[in-house]
Amino acid sequence: MTRLFMLVCLGIVCQGTTGNILRGESLNKSLPILHEWKFFDYDFGSDERRQDAILSGEYDYKNNYPSDIDQWHDKIFVTMLRYNGVPSSLNVISKKVGDGGPLLQPYPDWSFAKYDDCSGIVSASKLAIDKCDRLWVLDSGLVNNTQPMCSPKLLTFDLTTSQLLKQVEIPHDVAVNATTGKGRLSSLAVQSLDCNTNSDTMVYIADEKGEGLIVYHNSDDSFHRLTSNTFDYDPKFTKMTIDGESYTAQDGISGMALSPMTNNLYYSPVASTSLYYVNTEQFRTSDYQQNDIHYEGVQNILDTQSSAKVVSKSGVLFFGLVGDSALGCWNEHRTLERHNIRTVAQSDETLQMIASMKIKEALPHVPIFDRYINREYILVLSNKMQKMVNNDFNFDDVNFRIMNANVNELILNTRCENPDNDRTPFKISIHL
């Protein structure tokens, strides 16, 4: 194995050497399936209402693709990109089951599924639940993932009451690249430091088409758009191949994840094998300047493109490995080098494009006295993105899955475990 040299200082992004990422001892461990679907259907309230939706084109099962998931208590949220035939973009999984799988129920109700006057949710591309029991929803405003229908916006719900707390439009000059005119808001990370005040909540939004990072301050509703060459896609890696089927993606920064331990925001361009991060301490004040922001990372450290990312409270970064249909990890207590990266799960059947991951605490079925030992579990959504892009789903097969696994068990006996002799997180050089 070739050891990767990396310099993390002076704002330098380093070049990685080649060599395969090691596969962990738990590679063949399958992720338990929580829910699965051949296709998505909804709880319309009555058969008559469902038939009306089908006849009018409001619902077409062939055009419903999940983009994100999250869980709060017994509610599991599923967002659907708004294509023609998608009746609701923000949903929860109901207790009813249809021919395709569990039925979806619009959240908080059907009124938010209507968007003709732009008052509802057009396309909930991503969502996040913070420690204050708030649901943050990123609405791209796009139909068919390309056509602007309404201005993009950020919505916040109180999960204890299901009431809308706030809705903020994202200005056009922030939401799109001023030079290219391109924009598609595709990833979301929320940093809530103090639940008693609004001033300590910041939101990070990735624009994968316009190759930009947007920082939102909840205290004054200010938006800042940042640019960096680390956000740009790499032309060498625009071909995405999953289970032998390929498509092209000329997309930049996406798949963001915020570390609760180091406050690093991790990301990768869609078309890239690199892994980058920026420390969010630099954004705490609203008077920061673009040229003062320092980005770190390693170019071409992965063997394939990466997708969704998430960081556990103990500092384990998980990421989807697109071409391998696998789940990779790296521990922030170790240096960001290739030999410290592991593949901990792989399945050509169930892990075709990991589209979303979330870290939650205490598996619901774990006895209360064991939850302090096995605190964290990971939720994983796979959605066969290649089938969506190429429009060749077989809806007689299972196409979409939500899986979960205990974090400690997943990384057991791999380098993603915390080193016994070092409990200090990987040090970062920050220049403010």
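Every residue gets a Cβ built from N, Cα and C, even glycine.
Listed in Swiss-Prot for this protein:
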type	residues	note
SIGNAL	1-19	signal peptide
CARBOHYD	ASN28	N-linked glycosylation site
DISULFID	CYS118-CYS150	disulfide bond
DISULFID	CYS132-CYS195	disulfide bond
CARBOHYD	ASN144	N-linked glycosylation site
CARBOHYD	ASN177	N-linked glycosylation site
DISULFID	CYS329-CYS416	disulfide bond
BINDING	PRO364	24-methylenecholesterol binding site
MOD_RES	HIS431	histidine amide
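Listed in sequence order, ARG82, TYR83, ASN84 are the same-chain residues at least 6 apart in sequence whose CB falls under 8 Å from the CB of ASN144 (N-linked glycosylation site). When the alpha carbons of CYS150 (disulfide bond) and ASN177 (N-linked glycosylation site) are compared, the span between them is 17 angstrom.
In sequence order, LYS131, CYS132 are the residues near CYS195 (disulfide bond), counting only same-chain partners six or more apart with C-beta under 8 A. On a Cα basis, ASN177 (N-linked glycosylation site) lies 32 Å away from CYS329 (disulfide bond). Less than 8 angstroms from the CB of ASN177 (N-linked glycosylation site) sit GLY183, ASP207, LYS209, GLY210, GLU211, GLY212, each of them six or more residues away in the same chain. In this structure, CYS329 (disulfide bond) is part of a beta strand by DSSP. Here the disulfide-bonded residues are CYS118, CYS150, and the one whose Cβ sees the fewest other Cβ atoms within 10 Å is CYS118. Rounded to a whole value, the Cα-Cα separation of CYS416 (disulfide bond) and CYS118 (disulfide bond) is 45 Å. In this structure, CYS132 is the one among the disulfide-bonded residues CYS132, CYS329, CYS416 with the smallest number of other Cβ atoms inside 10 Å of its Cβ.
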